[in-house]
Every structure is written in structure tokens, then in C-alpha cells.
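> Input: one structure, supplied below.
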């Protein structure tokens, strides 16, 4: 049940617009009495001085440093950092806690693609009353759109995952294969590589909802649309879907993709020994290379994501998450203070040092960030590539308001394309059917 | 005698009755509850209360848009028409008819071999076969997952070493068998121990008589030993049936390695997990579970009735 | 899977053929050790044992490898560098020694959970075996029936109930459900029916001993071997418990070993996470070792107990 780990989300805006009309995202009145009261910086400072304790549910490793810095700065505040599971596991726990009305943390890490679902479930505090609405210009638009709608802000962006192509230079050089700049070239490279070395593959793929949606996103697709509770799912005729399936079906048919699942030990092995030659993923990947694929240091490089049209300059987001303040949490003021510290002030630098990829515009354009050299990538200034990618992401993308569940059943249907005669197109069609049924069951009007 | 008796309860009081002695009634009529009471009290808290709560939940529906509403028997109707659910039931039924006999058969044979006293290093073998039971399902699945790997795993090592190409144990057509292997590996020792301890208390006099009559070993096994431990066989079968129908840990952990072979509705238990945890459909999940519980109960009782009829 | 099932199926038949007729008479004069040992049967048992031990051998071998060695060497043989001690010390100290904490948690769950489960099962089994009372017939039917309902079905309702009682994220959430062992109840029922002669109880009652006193003074000592067996099973169950704590415990400080190991395994699957497969494997090994030791130690009691039981039978 793991690892839909890092998926980004734009377009929750639209979803929350939908939700607002149902008073789901918007209203923060009711339960906690004074919860819609505006809180000033002075109030926060007073709260920090007075002290207290908060619980943070997050799996992001760099937060450990942030917590210890924060506690040093505000000695009266005790932060309990709990890893309650990764991605879906944590959402499950969060949902259970909210439903039970006890054990809800004060702060929770939520991936961009899941923010909408929790906002809709009235679980998240609107941070605009703390003045978070003024941070708009401080974050790159992708992540910001995922957490904010109109005047409401449901989380503060923690990191982002503009996509890039990581490639094993040693392997490609050995077989004299050029770094592909389009997906058609990528297909050619896949053929050439596998012909030259039957053990080597251009990439691994066993079906990953986050990756597939990111690819469709880059190809200009908008398969998911929301308006109020009306939701449209189009995974059959959408132009992004068609572009993606055309190339990817060939990679599958010709057995050019290693049947290795992301994040498995075989995956790490393949990245290390050159049998998996490229990896198209979010810019948060370098930290994983350093810690998990240590032995291949120097072999890998980063490049711009291959394009669907020659000469294009379009990218996509994959992964990334935000920190939200839970409505049922006990110390919301402290929770927000911590959130702002981690994602909008001193904590950001500590996290960057730990290898996280920023969502803050100031850092994305700062010379020191762009000039950082990566010894792992042979001294390459990879952040230049990532920062450029971040600026090339299409803005009209949106996820489903029940994307967490949809992604969790992705392999039931689309997965068949990887292990049987079912085509990718048919698999996506079946995924659509299951998602539509679920959405309608949950009270949305899907494809009606 | 021996382990046979209690399984008949529900109908007949065990042991005391079978030994021809009267169990105390009258004055001590309710004293038994002093002993059974604590167990039943905790049992009521951790089993009965949640089941009743599930029943309550099964009459409602909770939607992301629209909240909770009473829906009567809608959930049950949906469960009876749910193809994914019945596909999962079919899958565990297949698992049941293949894996359970293989596992119990093997366990019985090992128990008989140990009991026969005809092997060298008996205590070594007994502990060796029993050891996998000490391995948590998480760890067992992790280990077998590695062994099953066709690229870097042992299967892969074999393919490379001998230039063969063994079929992928984690492909959709083989994954059920691969899970069966893990479960067999985990529980063969457990069942063996049950059979073995039942065999140990079969009175020697029973087969001494048969041996004097010139019965062969095989005949003694089929005519004396196996009937004598029928109770243990039946109880092990019932617990294995229940275990099969509740299959969850192995597929859920293995799914990380074989996401396309193991669907989120691979077993009924996995399906209810997906429904209630990823799909926030706790009401429907509760319904499916109750239906599944009834199905399991019917089959467990059928096994018990059939197993006991021969004895009577 | 197929190899052992093949061979073992033939075992008894072969044995029959090979058992020479004259020996039967001599066996009848009895002595359990008399039957001649069979090499063939032993070899067939060896195959079964190999099947049982091979994955464990894999675990032991791979616990000696570094993260790098794991990726680059044959699974069933050692890699160049022998890192077992290093792995063990890393496992015990990683993340401020959280593994030790998990170990102690597991110990707590086992002592309280398995101990309590055994106690309840012994009481209940004895009550069922030696008393007649209203509702007795229903007890086992209800227990078996409830056991048939999938655990995942009970998970959410149990979670919500426990949550309302404020028990989630506390050791109680794991211990209380562990207190019920239907199989333990069954085993004790069988055992008590056999091992405790009703005459003995009658005699004690004649002497004016109360029921509880009779139980503790007269019955309990006779139930020893059965208790050890039930304890063994409930111990394994609690030690290996995974699903329940997965739902109930979200605070790593209260994780049992199984959840902790899973968390370490998952650690490889997040951005910025550090894969620690070598620690997962070494941790798995360390998790199993105490149980294996308990088996070996308890086995002796269990063995002698059973022998005593069989004489009585």
C-alpha cells in the first residue's frame, strides 16, 4: 500500500472552489470557538513564548533538523515529530484519527494531490487567518495553486518535484546513445540500448499512477476536471492520454521496460548496476541517489525532461508535499508557528541543506542555489535544470477530488497492461470506469 | 478419548461425558462461569462488540459529498452483486482447496514420520520444521519476496547459473501459488506440532493390538492413528479454512513487489481493507466483512459436520 | 513447494514396504525406540527440513552483508566483507537505538498479552472441561463463529471503540485484543478434560475446598504441559502481531518489532529517505532469535509434559 509517494497537485484550486460551495473548504467556524479569529504575528510570538507542545505527523526526513532548530529557538515549545507512515498509510491513519475525534496531530504532511481530499473532508485549518494568504508570491505557482483557493490557504508548500530526466551517463556513453530530447528519441534509445545489452533497460516501470498522470500532464492533457461537485474524467480521448499511450504502449509491447517496481530493493540495485539507464522523476530524487545508490556516484547526470514535440519546452510536476494544520489539533497557533518556521522562514534553509528541493521562489532563483554543484552528478549544476523545469509546468492541470483512492486502485486496471495482452488504453479506460463509479458513490456527479 | 471430543460440542459435552462420568450440575450449576466468564468478558469486548458495531455500520452510508445517511439493506444488496468481492471469494476458495490439503497433508506426514521413531535426528527435524512458525509474516514475506525475484533474487540467480528461464513466481498466473508456498512454509510446523502432540497421546495399546494381529505400518496409520487424531485434524482444518479466508498479510506485503499481479481486491480481507482504509467506505467494508464471516462460518461448520460424522 | 510434497507423500508407503514382517512381533513387546531407523525416510525428512530452513539460511547469510554487498552478491552465499557485527551494532544504535525500544515494547506485549491470554484460556478451558452450566453449548459455537469474521472487518470498529476509550496509541490497544486466543481455549479444554481426573476434584470438594482453591491447588499443577503449549502458541502470535498494531499504534515509541521493521523497509520509498535494507534484514534476524531460543528452551518442558500426558492417556 505504499509509495504513491510524491505526487504534485495543481488544480486543487478548482476542487476547493467546488468544495467551497458545499462549505467544505471554506468555513472554519463552528467547532473550535474562536477558530475564525484573525491571529497576528504578535499573538503567535506570545504563544511561542508561553510554550506548549505539538505533534507533527510527517515522513519527510529533513524535518528532524528543523524540529531541533525550532526547539532551540523556542525552548518552551516541545515538538513531537512522528512518522505515522508514508503517503497513503499516513492518510489512512489521519482519516481514522479525524473520524474517531482523538489522536489527531497538530500538523500533518500531505502530498499536493491529497490536499483537496482532506480540505473537502473539513479536516484542515484555513491558514489565511494567520496571514498566510500574503505568501502567494513567495512560492512557485504550481505548489501554491495546490494549497490555496481564493482567499483560503489549506497548507504551506514544503517542497516540489519539477520533473527531469536522470540518466546513467556511463551506460549511455558505452553504447554511444545520445541523451534523448523527445519521447520518440527516448523510444529509439530504449531499442538501441536493449539490443546492445539485453540485460539493460532504458527505464523500469510496472505502472505508477503518479508517474502516468505526470506524463499526461506534460503532454498537455487535462483528463480530470472539477466544477462544483461535477467531475469529469476523460482517460480515453484526452490529447495528453493519447500522446502518452502511443509512445508508452510501444515501450511495453517491445519489452523495453524493466519489470521492476519503484523503490524496491531490485530498483535500487538496477539504478546502481546500470541495468536501469534512465529515470524520469521529480527534482527531489538527488537525495535518494546519494543515500540509496551510493555506489553509482559519478555515473549519473540530470537533463531536461524529453519533450512530446521537438523543440518544446514543457515540463511537469511529480511529487511534493505541504504541511497542513489540522482543524482538530489542540494548539493551532503553535502548529501554525511551526509550519511557517519550517516552510517560510529559517527552516527552509535547513531543509535545503538536507537535500530537499524547494517550493520557495526566492530559493529557486537564488544564485547560491543555482550554482550548487552536485558531486554525485560529476559536478553538474543540476539545480539550473530543475529550476527551469519548475517554470515550464502547464498551469491548467487538476487532479480528482478523490485522487488518493483513484491512485490506490490504479494497478488493478492499468497494471494489466504490463502483465497481459490488455493495452494501456484499455487499462486506462477501466481505471476511468472504476474512478467514475467511486466518485458517484461518494456523492459527486461524475461524467453525468 | 484424546483430542477428539471437544469438537463435537455444541451438541455433546466433552470429555467428562465421553469418559462416562457425570459432569456436575445442580448446586454447582453456574460455577463454570467463574472460569469461563473472564475469557468471555474480554471476548465480548474485542470480538462481539465490534461485530455488533459493524452490523450497525452496515445500514449506513458515508459520502465525501453528502455525509452519512441510513440506507437500509442497500449495502447487502450491493455486496451480493459485487463482482470484485465474489472474484476474491473464488480466489481464496481455490487457494483453500489446494493449499490447505497440501499443507495439512505434509504436516501430517511429517508428524507420522516423527512419531514412527524411524528417523535419525528426530528432535533436529522436529525443531527444524517447526522453526518457520517463529518467523513473523512480515519477515517471511520479505524473504520469499527476495527469493522469488527473477532479476536479482534466487530465481534470477538460478536462471543465470543454469541458463534456464524459470517462470516468474510473481506473475499473475503464479502469484497465488507463490503465496500458497509462503503460507505453507509458515504453518506446516504449527500444524505438524498439533498432529504430533495428538499422535503422542494415542494409547500404545491401540496399535499394539493391531500389530499383534499382523497389521502393517500403513494399515496401522490409516486404521488406528489417523482415526485416533481425527479431532485434531478437524480442528486444524477449521482453523486453516478460517486462515485462508482471512488471507491478508502475505498478499498485502507482496503487493509492493507484484503490484500488477495482486489487485486491491485479491482476497476478501484485502478488499475490505482497501474499501475501508483507502476508499473510506467503512460501512460497505463492514457489510462485506459480515457476509464473508457468514460464508466462512458455513464452510467451517460444514467441515466440522463432515469430519465428525465419520467418527460417530 | 512441490519437492517436499512429492517426497513426503511417498514416505509412509515406502516405510511399510521396508518394514520386515518379523520385527512386528518384537515391536509389540514395546519400547518406543525399538523400530529400526530408516535412512530413506530420514533423507526425505531432510528434504522437508531443507525447505523449512533454506529461507532462514538466506536471512542469516544476508545479515552478514553490507548494503552494497546485498546488491552485488549471490543470495545464498556470503559476500566478501563480513559485516554481521557491524550490522548488529548499527541496528541497535540506528535512530537513537529505537530498535531496542521496539524490542522492549514487544517483550511487554508478549508478557502481558500472551501471559494474559494463556491465563484466560486455562481458566476457560478448565471451566468448559469440568463444569456443566447454562450457555455452555453456545460458548464454543460463538467463539468459532466470531473468529470467522475477518479481522479487517473488526479493525475499524475496534479502532473507533478503542479510540473513544482513549486506548489507541497506548500499549493497551495491542494487549487487550491479544488476550483472546480461541485456539488456546480449545487446547486447554482438550487438555484439562484429559489431564485432570474428576475424582481428584471430587475428593478436594469433599474436603471442603472452594472451587477456585481446588483449581489452583489441584488442577493447575496437572495442567503444566498444556499451559506451556498454549503459552508457546500465544507467544508466537503476539510476537508476530502485525495488523492490529498497524492500525492501533501510530507512535513509533510504542511500535512492536514487526511494525518497526516494516517502517524501516518503507523508509526506502520516500524522497530523501535512506534505504536501510541491511538493517531490515539484520533486524529481522534479531527479531526471530529470541523466539527460536524460547522454542528450544520451552520444547524440553513441552516434550516431557507430553510424555507424561501420554503415559496417563
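Numbering starts at 1 and runs along the chain as it is shown here.
Even glycines carry a Cβ here, placed using N, Cα and C.
No curator has checked TrEMBL annotations; they are predicted automatically.
Under the heading compositional bias 'Polar residues', TrEMBL lists C:1-10. Look at TrEMBL and you will find C:1-34 tagged as region 'Disordered'. Sequence annotations record features per position, and here TrEMBL assigns compositional bias 'Basic residues' to C:14-29. Annotation comment: TrEMBL describes C:39-61, C:102-126, C:138-160, C:172-193, C:214-236, C:276-298 as transmembrane segment. What TrEMBL records for C:103-298 is domain 'ABC transmembrane type-1'.
Help me picture these features in the structure, burial and contacts included.
Through the fold, the transmembrane segment (C:102-126) approaches residues 171, 174-175, 178-181, 184-192, 196, 215, 219-220, 223, 226-227, 230-231, 234-235, 237-239, 241, 254-260, 286-287 of its own chain, all at least 6 residues removed from its boundaries and within a Cβ separation under 8 Å.
A Cβ distance under 8 Å defines the sequence-distant neighbours of the transmembrane segment (C:138-160), meaning residues of its chain 6+ beyond its ends; these are 128, 168, 177, 182, 185-186, 189, 243-244, 247-248.
Within its own chain, the transmembrane segment (C:172-193) is flanked in space by residues 108-109, 112-114, 116-118, 120-122, 124-126, 128-130, 140, 143-144, 147, 158, 162, 219, 223, 225-227, 229-230, 233-234, 237-238, 241, 244-245, 248-249, 254, 256, 309, which lie at least six positions past its ends and keep a Cβ under 8 Å from the stretch.
Beyond its flanks by at least six residues, the transmembrane segment (C:214-236) meets 110, 113-115, 117-118, 121-123, 125-126, 130, 178, 181, 183-184, 187-188, 191-192, 195-196, 200-201, 204-205, 291, 294-295, 298, 301-302, 304-306, 308-309 of its own chain at Cβ-Cβ distances under 8 Å.
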